[in-house]
């Protein structure tokens, strides 16, 4: 290993390690409890329940049904509108990312901004795919038995049942219950991947924009990081499209999933440690080898590995100074308010908007 280690380096390793293990512990405690609660509650489906019981209440707190992934929090807004919003966000952000890569090549991914920007694109790709599935599922459900389509088209199934015979009414209620359970069933792997990606990139986008506009641009003189229209757009579009999606979607935002955000940032820091530690050694080796045998493979390796042979992409990640533990501790602590800002935005949406629009807004449970 080419890096010289000192006591403050081990302090930084400890801060990141504790954050990583703490995040895993919080996730293990909360996700396991929620899964056990769901399994216990779902067993009650084998028993009869009152007709007026809401099916979505079967799901425990912080779990989403499949329909919440592709429906809007605004009653009467067709899921196709959410699909179009997610698709346009995906296309626009992908074009900006391709522009950035073509301008600076793949080495630009050493920055946390590119990681976050790519993660937001992944979220919109997942959201678009699931929205397409939801719209297809909605269109293929019979109108009379589709509770969700009744909401979108302002139809009331109960009005249809009032003039039918008692036997037919019981049959329709039974079929309606199965249809609702089909729409409100617990989300699977891809649904929870979409939800955790949304919660991770929300906090990461806030962190990226705060550090960029509040610290890097005004205070730090970084020669290899100059403000440009492209860079400014990339540090604004990520939060803009996420906030637009938040205003329309029906997803939850629990506190404990801050842990995914912490794991994401820990992964980036560890990645920086690895490429920086091995970078110096590979740089010198490649330098001598290229002078002897000039092959495109070796030169390409040097180009990719040694974007910053003598410096870090962000000065506050640099290890070889005594102030490094304080920087790392501040970076670890700032994850809480960054995630908290977005948490308050979602909470405000679910608290204020139902009072302003009681008939149009559907609260996320």
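Including glycine, each Cβ sits where the backbone N, Cα and C put it.
All annotation found in TrEMBL is predicted automatically rather than curated by experts.
The shown structure was predicted, so the numbers you read here are calculated from the model rather than taken from an experiment.
Long-range contacts of the transmembrane segment (6-27) within its own chain (CB-CB distance under 8 A, at least 6 residues past either end) are made by residues 256-260, 262-263, 266, 269-270, 319-325, 328-329, 332. Residues annotated as transmembrane segment in TrEMBL: 6-27 (among others).
Residues annotated as transmembrane segment in TrEMBL: 80-103 (among others).
Residues or ranges marked as transmembrane segment by TrEMBL: 115-139 (among others).
Listed by sequence, the residues of this chain that lie at least six past the ends of the transmembrane segment (201-221) yet keep a Cβ under 8 A from its Cβ atoms are 112-113, 115-116, 119-120, 122-123, 227, 235-236, 238-239, 242, 246, 253, 258, 261, 264-265, 314-315, 334-335, 338-339, 341-342. If you look up TrEMBL, you'll see 201-221 (among others) marked as transmembrane segment.
If you look up TrEMBL, you'll see 227-248 (among others) marked as transmembrane segment.
The transmembrane segment annotation in TrEMBL covers 260-283 (among others).
Per TrEMBL, the feature transmembrane segment maps to 326-345 (among others). Long-range contacts of the transmembrane segment (326-345) within its own chain (CB-CB distance under 8 A, at least 6 residues past either end) are made by residues 11-12, 15-16, 19, 202-203, 206-207, 210, 243, 246, 253, 255, 258, 261-262, 265, 316-317.
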